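TrEMBL lists B:1-21 with the feature signal peptide. Taken from TrEMBL, the feature domain 'Thioredoxin' applies to B:48-213. If you look up TrEMBL, you'll see B:CYS87-B:CYS91 marked as disulfide bond. Under the heading Cu cation binding site, TrEMBL lists B:CYS87, B:CYS91, B:HIS177.
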Amino acid sequence: MRRRLLGAALALVAAASLAGCSDGGAEASGAPELSVDGAFMPQPVNADMAAGFFKVTNKGSAADQLTSVTSPSAARVTLHSTKDGTMREQDAFEVPADGTLDFSRGGNHLMFEELTGRPAVGDTVEVTLHFSESGEIEVSLPVKEATYNPAKASGPGHGTAHPAQGRTAQEHHGTVRS
Amino acid sequence: MRKKTLLAAALLSASALTLTACGGSAESDKPVASVSSDVATEKAATVLDQPFKKPDLVLTDTQGKKFDLRERTAGKPTLIYFGYTNCPDVCPLTMSNIAIAKKALPKADQEKLQVVFVSTDPEHDTPEVLGSWLKGQDPDFIGLTGDFATIQGGARTIGISIDEPTKDKNGKRVSMHGKQVIAFSPKDDAGYVMYGDDATADDYQKDLPKLLTGAKP
């Protein structure tokens, strides 16, 4: 318990230092350098609506913006944040320089509407992420079970699992920055 | 426990301050308070010191029939959640977690447990829409819809704050689900345990046998 608390607190402090005052001035010179990982879609209830998650990492010294998402599998894909039980559609999400943009369960998510069919576990849904600086990035979202959540290690005692600590810090980092 | 929680909260606030202080370009209208979310708690369940009375709600079920919540669930272990079907992430996740945990119970216990999903978007969630959506989770889940003000009033009595879906000034959609699932005891029908939306299927599976008897998890 104690170790977990300390770990989480330290991780946040580390995140704070990392994210610290590095934005100013950097944006003019460098360029964003984006990569996307951890993408998935939880199996939706029906073909009306589904969610999508992933993480964008920016190793470059300039920020970028995720401005829209398209998919051949849905009539519409929109960007949403969730906070305190309120889901808000967003125009765009910032990917900070030397930072990450997290889409994770209970937080930021893609909302797919009017899908061409109901995606099932084992399927893959293709999307194109459109960034204002970096252009387009193609991402494949494997469909996972409805309750899939990589931020929660499975099994009893998940709360003390070490990977969960780092994840928590990242999530908070993303939340504050976005 | 208390001391540790406070320490953690203090450290978290400090980091949050650092972040916002430096982030000149970061949006300033986002509260940083969420940083303190459940890092300090290990258990998914929060046992309430002052239990809630079951909301006095008379709504419409997925068959289009009148459903009196207090009357129909009296003396039965009951989980209540407020959400909407046009919700891709937290609402189906919460229902799926409970559905998985319920399936792990012995058959007789499964029949005792009442899971009630009350729509926060009744204009969209007609009995048909709600029924078809819930069937994808568990055909025995109870879905209720009706007048929004009535639903909002009922939610408020158990500490759940919801507003009707709307659009912001830029035409972007804003919608709400309840933040908690409340468990009501079969012994006195009081809402005595609360789960946040980060409770997992494992958490529910571990606690359901106790909730079925009205015991504290």
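Using the three backbone atoms N, Cα and C, a Cβ is placed for every residue, glycine included.
Put simply, B:CYS87 (disulfide bond) is 8 Å from B:HIS177 (Cu cation binding site) when counted between their Cα atoms. Its Cβ taken as reference, B:HIS177 (Cu cation binding site) is surrounded by 23 other Cβ atoms within 10 Å in the chains shown.
Chain A comes within the C-beta cut-off of under 8 angstroms for the following of the recorded positions B:CYS87, B:CYS91, B:HIS177: B:CYS87, B:HIS177.
Less than 8 angstroms from the CB of B:CYS87 (disulfide bond) sit B:SER175, B:HIS177, each of them six or more residues away in the same chain. The secondary structure of B:HIS177 (Cu cation binding site), as reduced to three states from DSSP, is coil rather than helix or strand. Summarising the environment of B:CYS91 (disulfide bond), the number of other Cβ atoms within 10 Å of its Cβ, over all protein chains shown, is 28. In the three-state DSSP reading, B:CYS87 (disulfide bond) counts as coil.
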